[in-house]
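Trainee: Sharing a structure here in structure tokens format.
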Amino acid sequence: MTKFIFVTGGVVSSLGKGITAASLGRLLKDRGLKVTIQKFDPYLNVDPGTMSPYQHGEVFVTDDGAETDLDLGHYERFIDINLNKYSNVTAGKVYSHVLKKERRGDYLGGTVQVIPHITNEIKERLLLAGESTNADVVITEIGGTTGDIESLPFIEAIRQIRSDLGRENVMYVHCTLLPYIKAAGEMKTKPTQHSVKELRGLGIQPDLIVVRTEYELTQDLKDKIALFCDIDKASVIECRDADSLYEIPLQLSKQDMDDIVIKRLELNPKYETQLDEWQYLLDTVNSLDGKITIGLVGKYVSLQDAYLSVVESLKHAGYPFKKDIEVKWIDSSEVTDENVAEILAEVDGILVPGGFGFRASEGKISAIKYARENNVPYFGICLGMQLATVEFARNVIGLDDAHSAELDPNTPHPIIDLLPEQKDIEDLGGTLRLGLYPCHIKEGTLADSIYNETEIEERHRHRYEFNNEYREQLEANGMVFSGTSPDGRLVEMVEIPSNDFFVACQFHPEFLSRPNRPQPIFKAFIEASLNHQQSK
């Protein structure tokens, strides 16, 4: 029987519910249990795929092509599992599906209501998360804050699931804030008490409370929270602010959080607590010596969460070299051919990540040109690959008006063009080339030495692709197409062998990087950047 754990949050948003859920998932996985995890988002968008990065941050893509919340990236990196489309459920997706059923007549003319129709749809998606993965435990984070009107249907659904499945199969974890009042010199439990009171008013009694705090929680404070919130004293867990997110699983383990959950849900773990690998990772993070500076050239840099997985992947790639990665955030709208040398003078490597739209694209092209001409390690992802081919066509071949058809529909030289299967698609949401696809690596290339495999699989999110009409011209002038789809039709990787490191890919390798297992192309980029730094 699959067990279900629900993680809610109170007092304020951004408490770290996602990190708490991911950390618990890691602890249970290390005990030999099969874990999956999902996020309920109360917004009415069907998915974040068409949302502005300024609004939502990064869109994280799963193997099966779901466009999801960035928290799923935390889940995958912490627990070291690959999630699926059932791992992110939005209110928009739920309502959309219910309304489609109503239009089809599935409800036989009945009145469609939040209870039972919306709540039943939510519960169905809960169960699918477990069934699709054959998990022992499903951990579900409820987005928003307890009491928010948007999340009430989700709260009601997880209340009902306890009756549906039995109390022994369901557990509620509530995250709260314990604020420190500087003038009084003490921490206050009242916000936590009121948050739990609100949750209980909605029919849910938490089994475990995780308290976010700046300072150590005294036993008296734990006893007080346990008394007023009606839970066991041992079930009040402290989660202190930490220098590294990777400290959190160890914090929770020291307070026996995994043992409490295992006992409460009558789980049968295969192993005792095993955190040697995680402790080694944390020791590595805490012993980094020196830094490598990477210039990240993008147009959403004012909200760094827009590139969250890219930054995390860079950090992972620095660990084997015991180096901290310092990201220099460069707004591509401010980069020109005239100032690019000054802006990028101090960086050890240049990365142009994915993106959409014409705005600020010329600044990215200027940065790519600087990297190519000055032999600075360059790594392009998605749009970063597309613009690398545009820059090469313009400045090496001499096709001055070359561009991407996405960015300039009237260009006489569409180096990047719409995928054939995208020609007649009008909707924006969910219509990109999404998910895991194979890539064939050309023997003897830098890509070959990076991956050491003839075929790899990587996650994609794009609508435009390199135009093969220009392949011979670019190859004749020194660009190598080192990765393609197995049929050779779609370009997946390009490189310039005359440079020490100039590699770009159409896929998004950042979605498969892990802190204990850096993604190969990121690791190679960081190694090249380190060599460049040492050669200065």
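Here the Cβ of each residue, glycine as well, is placed from N, Cα and C on the backbone.
Sharing the feature lines straight out of Swiss-Prot:
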- 1-267: region 'Amidoligase domain' (REGION)
- Ser13, Asp148, Ile149, Glu150, Lys188, Thr189, Lys190, Pro191, Thr192, Gln193, Lys224: CTP binding site (BINDING)
- Ser13, Lys188, Thr189, Lys190, Pro191, Thr192, Gln193, Lys224: UTP binding site (BINDING)
- Ser14, Leu15, Gly16, Lys17, Gly18, Ile19, Asp71, Arg240, Asp241, Ala242: ATP binding site (BINDING)
- Tyr54, Gly355, Leu383, Gly384, Met385, Gln386, Glu406, Arg463: L-glutamine binding site (BINDING)
- Asp71, Glu141: Mg(2+) binding site (BINDING)
- 293-535: domain 'Glutamine amidotransferase type-1' (DOMAIN)
- Cys382: active site, nucleophile (ACT_SITE)
- His508: active site (ACT_SITE)
- Glu510: active site (ACT_SITE)
Trainee: List nothing but the one residue from Glu406, Glu510 whose Cβ has the fewest other Cβ atoms within 10 Å; the candidates are the recorded positions.
Mentor: Glu406
Trainee: Any idea which of the binding-site residues Gly16, Gly18, Pro191, Gly384 has the thinnest Cβ neighbourhood at 10 Å?
Mentor: Pro191
Trainee: What average pLDDT is reported by the model for the domain 'Glutamine amidotransferase type-1' (293-535)?
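Mentor: Across the residues of the domain 'Glutamine amidotransferase type-1' (293-535) the model's pLDDT averages 94 on the 0 to 100 scale.
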Trainee: For Pro191 (UTP binding site), identify the closest of the binding-site residues Ser13, Tyr54, Asp241, Leu383, Met385, judging by Cα separation.
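Mentor: So, spelling it out, the nearest of the binding-site residues is Ser13.
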Trainee: Express the distance between the Cα positions of Gly384 (L-glutamine binding site) and Gly18 (ATP binding site) as a whole number of Å.
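Mentor: Answer for this pair: 30 Å between alpha carbons.
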Trainee: Out of Ser13, Glu141, Met385, point to the one nearest Asp71 (ATP binding site) in space (Cα versus Cα); all of them are binding-site residues in the record.
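Mentor: Answer for the nearest of the binding-site residues: Glu141.
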Trainee: About how far apart, in whole Å, are the alpha carbons (Cα) of Glu510 (active site) and Arg463 (L-glutamine binding site)?
Mentor: 18
Trainee: Using a 10 Å cut-off on Cβ-Cβ distances across all protein chains shown, tell me which of the recorded positions (Cys382, Leu383) has the largest neighbour count.
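Mentor: The residue with the most neighbouring Cβ atoms within 10 Å is Leu383.
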Trainee: With Cβ-Cβ distance below 8 Å and at least 6 positions apart along the chain, what are the contacts of Ile149 (CTP binding site)? List them in sequence order.
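Mentor: Those within reach of Ile149 (CTP binding site), by Cβ under 8 Å and sequence separation of 6 or more, number none.
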Trainee: Just counting, how many other CB atoms are there within 10 A of the CB of Thr189 (UTP binding site)?
Mentor: 20
Trainee: Which residues, sitting 6 or more apart from Ser13 (CTP binding site) on the same chain, put a CB under 8 Å from its CB?
Mentor: Gly144, Thr145
Trainee: Of Gly18, Lys224, Cys382, Met385, Glu406, which is closest to Gln193 (UTP binding site) if I measure between C-alpha atoms? They're all recorded positions.
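Mentor: Out of the listed candidates, the nearest Cα belongs to Lys224.
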Trainee: Just report the maximum Cα pair distance in Å for the recorded L-glutamine binders Tyr54, Gly355, Leu383, Gly384, Met385, Gln386, Glu406, Arg463, no decimals.
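Mentor: Among the residues the record ties to L-glutamine, max Cα distance equals 23 Å.
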Trainee: Looking at the binding-site residues Glu141, Lys188, Thr189, Asp241, whose Cα is closest in space to that of Leu383 (L-glutamine binding site)?
Mentor: Glu141
Trainee: What does DSSP say about Glu141 (Mg(2+) binding site): helix, strand or coil?
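Mentor: Looking at the DSSP assignment, Glu141 (Mg(2+) binding site) belongs to a strand.
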